[in-house]
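Take a look at the structure set out below.
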């Protein structure tokens, strides 16, 4: 057996060790470490080298406007947390394959309906090809529609238009996806739109064609049918004749969908990972949950008791939480490099070749504090651990 590949992998794992801070800690040690980290975070975020000196006289009652500002900030943060999309699952860890699926470029037969118009252009894709390239819906991680805005002529440089992207349905209806202002410049520019949800629908449905429409924004007061002509030129829609058409097809950069998907051979790992819930507070703090692996661990920090601080008026403390637990479901017993990892750990017992349990979602913390007799309201970023991941 040639030892070269094995040695190369061991060297790579040695480099990875230098980037890892993952260490085994008992629960009490982890709590103490988190409390000290919070102490340093708060002081550094407020640009303080030490806690403000305590006032000799008790602080006056909070002004109504300060209390109102603090309460409204808390409500806004709660609303944002409710609307926040769920964190990425464990499959975020794995490398993704990139698949390039160009749009259809013939305008005859059933495609004749999708010829470019003065104010709109259409991107038509063979959904059967998308399914063959990507595989199942569960394997798709992200999809982007990419197109090249061609450089503008000297007399139209600086032109700016509001363009809107829509997804087409079989019943001739359209769903708005994205809008953006695009400026024509003297250089080519790649434009990209997130179409992950649309491609997910293609992979789940039975449609033969998937269609996107890019249109010039039509102000409401003008009414439908009165949109400006599209002055932004997208490569791939030029109409050539005769021999020039075949030559142009070879060299033009047509719009395409870039699909990022897990390889099909990793479907078993994906299926196993998706059986796990998101490692957030809803799951980790749920009734009956006794998760031994990576999860959010509860930790309430009392500013007076744990930090010996009296200068923070509100809140009196907060749920800081922390991440803790092994990550066995990524480096499992059936992983192909298990033997190599075991050999590496044998020679490097203090190393951690496996991923670490680290924060994935963090929320801010609003506080009211005094500097002398002056009251201030501040929002401290990334203070509350809401979800963890293995990385």
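Using N, Cα and C of the backbone, Cβ positions are placed for all residues, glycine too.
Looking up the ranges 221-249, 279-307 in Swiss-Prot, the one annotated as region 'Bowtie tail' turns out to be 221-249.
Checking the ranges 19-63, 334-378 against Swiss-Prot, the region 'Straightjacket domain' annotation falls on 19-63. Within 10 Å of the Cβ of residue 357 (disulfide bond) there are 22 other Cβ atoms, across all protein chains.
For the pair residue 388 (disulfide bond) and residue 295 (disulfide bond), the C-alpha distance works out to 6 angstrom. The two recorded residues residue 323 (disulfide bond) and residue 295 (disulfide bond) have their Cα atoms spaced 6 Å from each other.
Once Cβ contacts within 10 Å are tallied over all protein chains shown, the disulfide-bonded residues 284, 295, 323, 388, 390 are led by 388. Annotation: 294 carries the greatest number of neighbouring Cβ atoms among the disulfide-bonded residues 294, 327 [cut-off 10 Å, Cβ to Cβ].
Spacing of residue 357 (disulfide bond) relative to residue 295 (disulfide bond) is 8 Å (Cα to Cα, whole number). On a Cα basis, residue 284 (disulfide bond) lies 15 Å away from residue 390 (disulfide bond).
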